[in-house]
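Q: Right, I'll just put the structure down here and ask away after.
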Amino acid sequence: MKSSVLLSLCTAALVAGAAHPLEPQVVLKDGQSTFTEPDEYLIELSPGETRWVTEEGKWELRRQNINFFDITHHEDLGTINANRLIEKSVKFPSKPAFNKTVVPLLKKLKKDNMRKHLETFTSFHTRYYKSQYGAQSSAWLLEQVSKTLSDAGAVNASVKAFPHPWGQSSIIATLPGKSNKTVVIGAHQDSINLFLPSILAAPGADDDGSGTVTILEALRVLLKSEGILDGSAPNTVEFHWYSAEEGGLLGSQAIFQSYEKEGRDVKAMLQQDMTGYVQKTLDAGEPESVGVITDFVDPGLTEFIKQIITVYCDIPFILTKCGYACSDHASASKAGYPSAFVIESDFKYSDSKIHTTEDKIEYLSFDHMLQHAKLTLALAYELAFAEFK
């Protein structure tokens, strides 16, 4: 995701000189061919602005804090639902309506669960989506999600891997409701070291290990609701953990392209990407807050999220921007689905250690992550029981 540390001129020159670092090919499951990369990739830097670049060109843009979609295999994303937001705009509740049910659930969220999961998740050398470590970390995460459903006795719920040709699968957990109207909660599971992605460590504690474990803990507690557990909620809720966000929103594009083609009725999508770093905010003398992204998002959903934070969180929100294609919510939006994005702080105070070996747990606040878990849980519950017309 997003902004990266500024490189020194000598380091930038070193990395640029290694234009195409040697990368081990990913060996996929039986019956699948080895993934072969193209020589160049078609990226979209803003609506309608495209460019062909090499893989090193992609990483160079990321080192310059420039985000993009890699649309090499997804040029038609959004073409089917091109008029969806105009013709079928979603009306969200005017205010939160389930306070008496949600507040007791919020008390069941546990920081220790997030810490335990994040300690293991960051122990993989990297979660780079084309590495064996990335495939292994995804398999481990799938096991944790499956265990969460099993421990809750969620016999109606399911979890599956959404495979990709590069080896690291995305993950989708589904909590069926009485309709196919669907609310999606997302985070990305991959990490990257932009200096040498295939070689150097990328613990990715904040980006986006923090979001990954935040929504996993929200899922655990959401399943303590009888209405969610027995499938009597009006709407279906899904939790997504996307692969290859760092490569240009690849995993989320693949999922939402499939949803678009299937005619899936996604009413809302919230992305939690980087939920744990607050030190720069505090150092600046500013109050701890939840950063609510206001550009390239659905305004109605974003307004409702602001109300959720005000009612259910212990800290305020601050409005901020992150630019085009800055995280996986952009894929949902491009596919024609209402999406929103929250981050750990005002964007200018977000974590500058991401995409390096220093994106470690020791710099994160689990108290702050708990606020994001409260937001996630409350929003998922409120929208699961909302009456979408």
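Note that Cβ sites are derived from N, Cα and C of the backbone, with glycine treated the same way.
What Swiss-Prot records for this protein is below:
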SIGNAL    1-18  signal peptide
CARBOHYD  N99  N-linked glycosylation site
CARBOHYD  N156  N-linked glycosylation site
CARBOHYD  N180  N-linked glycosylation site
BINDING   H188, D207, D273  Zn(2+) 1 binding site
BINDING   D207, E246, H355  Zn(2+) 2 binding site
DISULFID  C322-C326  disulfide bond
Q: What residues, ordered by sequence, lie under 8 A Cβ-to-Cβ from N99 (N-linked glycosylation site) and sit at least six positions away in the same chain?
A: V311
Q: Give the three-state DSSP assignment (helix, strand or coil) for N99 (N-linked glycosylation site).
A: helix
Q: Within 10 Å of E246 (Zn(2+) 2 binding site) (Cα to Cα), which of the recorded positions N156, N180, H188, D273, C322 do you find?
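A: Taking N156, N180, H188, D273, C322 one by one, the ones whose Cα falls within 10 Å of E246 (Zn(2+) 2 binding site) are H188.
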Q: Measure from the CA atom of H355 (Zn(2+) 2 binding site) to the CA atom of C322 (disulfide bond) and give the result in Å, rounded to a whole number.
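A: A Cα-Cα distance of 17 Å.
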Q: How many whole Å apart are the CA atoms of N180 (N-linked glycosylation site) and N156 (N-linked glycosylation site)?
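A: The Cα atom of N180 (N-linked glycosylation site) is 14 Å away from the Cα atom of N156 (N-linked glycosylation site).
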Q: So among the binding-site residues D207, E246, D273, who's got the most Cβ atoms within 10 Å?
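A: Within the set of binding-site residues, the most crowded position is D207.
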